[in-house]
Amino acid sequence: MNINMLRNITADNPRSLIKPAFFTTVANLAGVIPFVLLVEAARLIFNPFVYPEMALDMTRLWWVCGALAASLVLLFACEIPAYRAQYRDAYSAAAVGRSKLAEHLRKLSLGYLNKRDPGDLANMMVGDFAMLEHGISHLVPQMIGAAVMPVVALIGLSFLDWRLTLSLFAVLPVAILLVLLTSGIQRKLGSQHMRAKIDAGNRLQEYLNGIRVIKAYNLTGERFVRLEGSFRELMRQSIRLEGMLGPIVLSAVACVRAGLTLMIMAGVQLLLGGSLDVITFVAFLIIGTRIFDPLTTALAGYAEFRYLEQAGERIVQLLREPVMQGERQPPADHDIELKQVTFGYQDQPVLRDVSVSMPAGSFTALVGPSGSGKSTILRLIARFYDPENGVVTMGGEDVHAMDPEALLHKVSMVFQDVYLFQDTIEGNIRFGRSGATREEIEEAARLACCHDFIMKLPNGYDTMVGEGGSTLSGGEKQRISIARAMLKNAPIILLDEATASLDPVNETQFQKAIDRLVRGRTVIVVAHRLKTVRHADRIVVLDHGRIVEQGRHDELLSSDGLYARLWRRQHDEGEWPMTP
Ligand SMILES: Nc1ncnc2c1ncn2[C@@H]1O[C@H](COP(=O)(O)OP(=O)(O)OP(=O)(O)O)[C@@H](O)[C@H]1O
């Protein structure tokens, strides 16, 4: 076992093993004492039979029995802290590890997270950590037990009779070698099984997330086949893993037991030859049968141990992923500028050589056809991603050098797709500012035009919202997210207007809430309905990732370019066209 293994099985927290390892070792050492006393008791009892001239030493036997009772109490006293350390430290190491990983995920760039499957990450958080809990609480103590008992026995027994000791341990190296030499196969099978498990988790998540679409379009059969296929593959890999590991483990266990047989055969020979006394032989029989129990359990658990080590390795690798860098605090000046910015999510560029300046306190609208890169500009300003070329500045300073968290304190974002957590309405608004009082939350809700509908809910602000906000309408969710932003009271507002049109009542309320939110701040809005931004200080028109025009509404209309065409079309048709 090397340091990397220890890091892996503890999710990069090997210190969490110190206490369990220490107490388990002490408990195992204490566990040796009763055997020594048992051998002494056997010697005292058998002596008069083997040597008729010797009387049974009852006084000593009573002392041995007393010591045996005391040693059992001592063993119990050592096992309790060992048991507590194993379980407490296992669960606390997993809890600390989960929080650490969640915190780390928050700090990673969205570019990296986009490449990872959410099902995989969820499986890591729940399943992989559960395996580590099991590892620290069960398998590590087993391994320690398997190491301590035989080593102590090897030393102790070799003083009694080196020939029997040699025969007892002769085949053990073969068992250990067998397990170690096949660790490559175990690893390969383990990673195939893990891939199948992750895939099944992803398919299941896809199925559950898309259950409404599946029902609506009657896709049940097709999607279920994919899900079922992944479950079948998982079953196949599980059988393969167990089926191939079984013979390896059983062969290793057979080798261990062969040692015992060898010892008995050698003992009988030596007894018959007269070079071994019965009492020593009995001692070997008692200890020999007992020391190999933990060893066989540990050999059987070794494959499982390697498997969970792989799960831990995945966690450690994710923890090593570099987080977004930057230490500078954002300046007090909130001018925002993009200078020759080029950016793409994968290889395909989404923004090309974009330069735009948005002065502090101004209202800038980003418009253009769907997919032209409007929302991407907001994501770059908030530093969800860093540009490939060019810079985004705030107050003249590159946001790349700024602490991403401090930068986000300056920014309130209202997304197109509002996500509400499975929490109360109050809790969901409080995400804007964790220390806010109930009064402040209600005030923000009033300004965001959601107080009235909240009060009509069965438990008002204490009403639980389903995951993703599934129990509220689209318009209600949007206004809750505006209340969040109100509460945050950040100087910069990044607003990604929803593409879905709202009914007239919701639209009026939404507009009223937005007007209150943006007052006196630096505002950048991705707009789909041009009438909502015709009074903007500056309208930036994007097409295929390039800025094709910018100016005020009247200027753009008179220049009769893309904006004017879009305006006329939207004005005439009352809708936003998919293509210019
Ligand atoms: N996370 C992502 N990973 C890969 N590609 C993405 C991602 N987000 C957006 N894109 C792609 O980048 C391009 C620009 O997306 P963006 O969301 O900036 O467009 P938009 O102008 O805001 O569109 P819309 O008006 O439809 O909201 C699109 O082609 C989109 O498919």
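The backbone N, Cα and C atoms fix where each Cβ goes, glycine too.
Lifted from TrEMBL, the feature list:
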DOMAIN    21-305  domain 'ABC transmembrane type-1'
DOMAIN    336-569  domain 'ABC transporter'
TRANSMEM  21-41  transmembrane segment
TRANSMEM  61-78  transmembrane segment
TRANSMEM  139-160  transmembrane segment
TRANSMEM  166-185  transmembrane segment
TRANSMEM  270-292  transmembrane segment
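Outside the transmembrane segment (166-185) by six or more residues, the chain places 150, 154, 157, 244, 248-249, 251-253, 255-256, 258-260, 262-263, 265-267, 284, 288, 295, 299, 302, 306 with a CB less than 8 A from a CB of the stretch.
Predicted-model confidence for the domain 'ABC transporter' (336-569) is 87, expressed as mean pLDDT.
Same-chain neighbours of the transmembrane segment (139-160): 1, 9, 17, 20-21, 24-25, 28-29, 31-32, 36, 82, 86, 168-169, 172, 280, 283-284, 287, 290-292, 294-295, 297-299, 301-302, 304-305, 308, counting only residues six or more beyond its ends whose CB sits under 8 Å from a CB of the stretch.
With a threshold of 8 Å between CB atoms, the same-chain residues lying at least 6 positions outside the transmembrane segment (61-78) that come near it are 23, 26-27, 30-31, 33-34, 37-38, 40-41, 44-45. Residues 35, 38-39, 42-43, 46-47, 50, 149-150, 153, 156-157, 160-161, 163-164, 168, 256-257, 259-260, 263-264 of the same chain lie 6 or more positions beyond the ends of the transmembrane segment (270-292) yet place their CB under 8 Å from a CB of it. When Cβ-Cβ distances below 8 Å are used as the criterion, the transmembrane segment (21-41) is approached by residues 61, 64-65, 67-68, 71-72, 74-75, 78-79, 81-82, 84-86, 140-141, 144-145, 148-149, 152-153, 156, 282-283, 286-287, 290 of the same chain, each at least six residues removed from its ends.
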